[in-house]
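Here the structure is laid out as structure tokens; the discussion comes afterwards.
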Amino acid sequence: MEIAFDLSSIFTDNIQRLEKADLLKYSPKRYWAVAKSIDTLGEMSSKFHGWKRIITMYEKIIDHDEDQTVYILWDKVDGNKSVLKGILRVGYKTLYLTDNEQNQYMEKAMCILDFFIVPTEQRSGNGFNMFDAMLKAENVLVEQCAFDKPSAALRQFLEKYYDQKEPVMQSNKYAVFPNFFIGRHPTVPFTPRQTKRASRASSAVSSHTTSRNTSPIGRNRPRHDSVADLMRQDNFPRGRSVIDPNSPAGFKLTRDQRHEPIW
């Protein structure tokens, strides 16, 4: 895509790196082409990826709380014109991430926020040259990066050029690759949870054991003999002996109570 401005008058590289301080220096009032290039490539990127809104704009980068860096791939053409070929926006963010074993991490990572090559400039090595230049300039490895809403085309690109496969998708729509977690320590290690059935069974066993071993009326309470024990031990109270009415004791009992015993 052509722009009616000779970017070589301000840019020194065909893959130009622009920090927030550089963008402020190239303000639209004096260097309208810088903001125009970012906004145009950002709009083309959003349409290409099917996003509902434009996520890369000059003003958004300037106003953002976190520092972000923009790479513009361009070339000079005849006259006072330049051709725009691609854009790459990156920045460090603190993310909450989860690995394949459900361990949780809080990491500050280099994030790939937008990456787009103009369709007519694709399949010419432009994407690899631009991405590789970014990795070297930021001094970071591809497996140390997190990717915001990576498209199928970007995943194919990373697999082809960097052998990055099977991304670990996150609930925040970022993706990292398994090697990202090597050497990192989880903030919340994964602990398997019991199923409801196993939890109920464990509670029942614990309650039964407690009632047998720790009840205040358990071990130390006095023993009461069972009926069977009493029968085996012949512990029933014996009946009274029958008194002969003709004996001295019988005469006394008859005299005192005026009746004979019936037992």
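For all residues, glycine too, the Cβ spot is worked out from N, Cα and C.
Summarising the annotation, TrEMBL assigns domain 'N-acetyltransferase' to 1-181.
Cβ neighbours of I117 (acetyl-CoA binding site) (same chain, under 8 Å, six or more residues apart in sequence): L73, K85, G86, N126, G127, M130. Here TrEMBL flags F115, F116, I117, V118, P119, T120, E121, Q122, R123, S124, G125, N126, G127, F128 as acetyl-CoA binding site.
The annotation region 'Disordered' is assigned in TrEMBL to 191-224 (among others).
Annotation source TrEMBL lists compositional bias 'Low complexity' at 200-212.
Among the features that TrEMBL reports, region 'Disordered' is placed at 236-263 (among others).
For 253-263, the entry in TrEMBL reads compositional bias 'Basic and acidic residues'.
Around E121 (acetyl-CoA binding site), the same-chain residues six or more apart in sequence whose CB sits under 8 Å from its CB are L73, K85, G86, listed in sequence order. Under 8 Å, Cβ to Cβ, and six or more positions away along its own chain, P119 (acetyl-CoA binding site) finds F48.
The acetyl-CoA site in the record is lined by F115, F116, I117, V118, P119, T120, E121, Q122, R123, S124, G125, N126, G127, F128, and its two most distant CA atoms lie 16 Å apart. Across the residues of the domain 'N-acetyltransferase' (1-181), the predicted structure has a mean pLDDT of 94.
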